[in-house]
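Asker: Below is the structure I would like to discuss, written out as structure tokens.
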Amino acid sequence: MLSLEVCFLVMMLLATLLYFQVTSLKMTRHQKRKIDETHVEGHEELDAASLREHEEFTKVKNIATIELGRYEIETWYFSPFPPEYNDCVKLYFCEFCLNFMKRKEQLQRHMRKCDLKHPPGDEIYRCGTLSMFEVDGKKNKVYGQNLCYLAKLFLDHKTLYYDVDLFLFYVLCECDDRGCHMVGYFSKEKHSEESYNLACILTLPPYQRKGYGKFLIAFSYELSKKENKVGTPERPLSDLGLLSYRGYWTRVLLDILKKHKGNISIKELSDMTAIKAEDILATLQTLELIQYRKGQHVICADPKVLDRHLKAAGRGGLDVDVSKLIWTPYKEQS
């Protein structure tokens, strides 16, 4: 009799766990963000030991290095790969489909069978040796999930969303006669109530300090222009992310103010650049190029001050040749 009661209790427990698992899968991304934010904000309620344990778990790298194309890359952060990869120190990625394997021989066998020579999806930009591919997370779910696993190795995010159906991924590649080799990417939600035009951005370590980060940011704004919208990156921004964006906003706004004759408003700057008015205001305030007069913000673009800021801003990086962009805004297919 006792054993039957125990079995019944176990069955009830399993049923309860299954219910919560299924329920959690049905959460919207907005609901999930709210829960994650509550957890982050609630850290002060944890005791010091529990908080340290949580931080240590997510801080320790589980994968030390990866092989991607011709590069062996040392990783930076923890990434939640499936449990069967817990015993791996190194992973081998197919640079085209992003499938990952435990051993070099597995990768070699895979490469003999893999038909891809570029990311799945549509090539929407090609200029010289640079190409950009738009990948729909719903149509290419495995690729999107693998890209998230890969990206998390180099991004210190508290959370990274793996519900890839809701996202479009824009994968930047350097192309040669062997194929199109990923150098970085950014993602954006298909539908954003907050006008976010970028959710996540990464330039892979071997390709950093070549201007690709600012190129990806610039590309996200060119898409916003095509949509006739203003955009802004998803918050919160990391310190490094804010630095990158502030550098981009600064260069774009200074170039316009330098060339423009006469007065110009923040609204006009926003319409020209697709940069959100709040981001323009914050950037101009940092540069001390704006004053508050008679209840409104007035841009004070002294030529000497602009020249000084332009010199400090350095080179602008790689330009997006808009004439090479062939793209129409995403529309949900019925």
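One-based numbering along the chain as shown.
Keep in mind that glycine also has a Cβ here, set from the backbone N, Cα and C atoms.
Annotations in TrEMBL come from automatic prediction, not curation.
Relevant sequence annotations retrieved from TrEMBL are reproduced here:
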type: ACT_SITE; residues: Glu234; note: active site, proton donor/acceptor
type: DOMAIN; residues: 58-329; note: domain 'MYST-type HAT'
type: TRANSMEM; residues: 6-25; note: transmembrane segment
Asker: Need one number: mean pLDDT over the domain 'MYST-type HAT' (58-329).
Answerer: 93
Asker: Using a Cβ cut-off under 8 Å and a sequence separation of 6 or more, which residues in the same chain sit near the residue listed as 'active site, proton donor/acceptor'?
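Answerer: Once residues fewer than 6 apart are set aside, the residue listed as 'active site, proton donor/acceptor' is near Ser192, Glu194, Tyr196, Leu198, Ala199, Cys200.
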